[in-house]
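Comments concern the structure below.
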Amino acid sequence: MSRPPVVARTLPALRRALAELRKRNASVALVPTMGALHDGHLSLVRLAKRRADKVVVSVFVNPTQFAPHEDFGSYPRTFKADASKLAEENVDLIWNPDVKVMYPEGFASKILTEAPAVAGLEDSFRPHFFGGVTTVVGKLFIQCRPDVAIFGSKDFQQLRVVTRMAADLDLGVKVIGAPTVRERDGLAMSSRNVYLSAEERAIAPTLYRAMKEVAKRIKAGKTIASSLTAGAELITEAGFVLDYLEARHAETLAPIKSPKEGPIRLLVAAKLGKTRLIDNIAV
């Protein structure tokens, strides 16, 4: 029978729980989440268990990474179900602060990064996003002091930005990217998939199929530009409104025009109805 994890909602409670976990020099892994947990999140937890003695999962819907017109108010909040899933995975500690705990009255600081990985892609369409992400992740690292932190590769640009921030600020956290977990039809698992209607859900895997087609063309010797154009046509013809479909250097996320320039990562973001989906694959 699974043992329920400790749930901390205040900083003193978190510090007490972490001190208990760290007895006998136990290593700690952090899995930052916004809740609404699915199998993709649980795969991060399982990787965390392989990389550290103790596992902490944060469940916090971070308001600073949402613009006023975005879905902060409607973002799914399912803490009871989340806690049950984490208990089944034998997570040691859940950090579930209120917004007022994370951002108390008078809070006026922000962590920003000017890393090349920030430029374009998500930053072009959600310019508020990375300032909110780096600030909350920086706070989580400082609060929890993990040895390692696990992030999903579905948010590939975020993974690169957080990795750079942790290194630049000497936070002492090894950031590990976990593989994207997909549904059987290829759709990347996401908490926002619940927004899709049945008709939209049937169309959604087109994003993944289009990226695979782009990768196939590039490997066959077609130019990156023509391959991206073909992929974009597949996406828009399926009914998406495309934000971007780009080829970037897999490490730096600099724009890339030829396979000779280095390893390629394809990244895509598009709206299907009211739902915005992102995904990426290696070439």
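Each Cβ is built from the backbone N, Cα and C atoms, and glycine gets one as well.
For reference, Swiss-Prot has these:
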- His41: active site, proton donor (ACT_SITE)
- 34-41, 152-155, Val181, 189-192: ATP binding site (BINDING)
- Gln65: beta-alanine binding site (BINDING)
- Gln65, Gln158: (R)-pantoate binding site (BINDING)
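Around the Cβ of Gln65 (beta-alanine binding site), a 10 Å sphere holds 21 further Cβ atoms from the protein chains shown. Note: the Cα of Leu37 (ATP binding site) and the Cα of Gln65 (beta-alanine binding site) are spaced 18 Å from each other. Proximity of Val181 (ATP binding site) to non-local residues of its own chain (separation of 6 or more, Cβ distance below 8 Å) is seen for Asp39, Gly40, Ser43, Gly152, Ala188, Met189, given in sequence order. Looking only at the binding-site residues Ser153, Gln158, Ser191, the densest Cβ neighbourhood within 10 Å occurs at Gln158. The distance from the Cα of His41 (active site, proton donor) to the Cα of Met34 (ATP binding site) comes to 10 Å. You'll find the Cα of Ser153 (ATP binding site) roughly 18 Å from the Cα of the residue listed as 'beta-alanine binding site'.
Across the fold, the C-alpha of Gln65 (beta-alanine binding site) and the C-alpha of Ser191 (ATP binding site) stand 16 Å from each other.
For the recorded site, Met34 (ATP binding site), the DSSP three-state label reads coil.
Taking the binding-site residues Met34, Leu37 in turn, the residue surrounded by the fewest other Cβ atoms inside 10 Å of its Cβ turns out to be Met34.
The Cβ of Gly40 (ATP binding site) has 21 other Cβ atoms within 10 Å, all protein chains considered. Looking at Ser191 (ATP binding site) and Gln158 ((R)-pantoate binding site), their Cα atoms lie 16 Å from each other.
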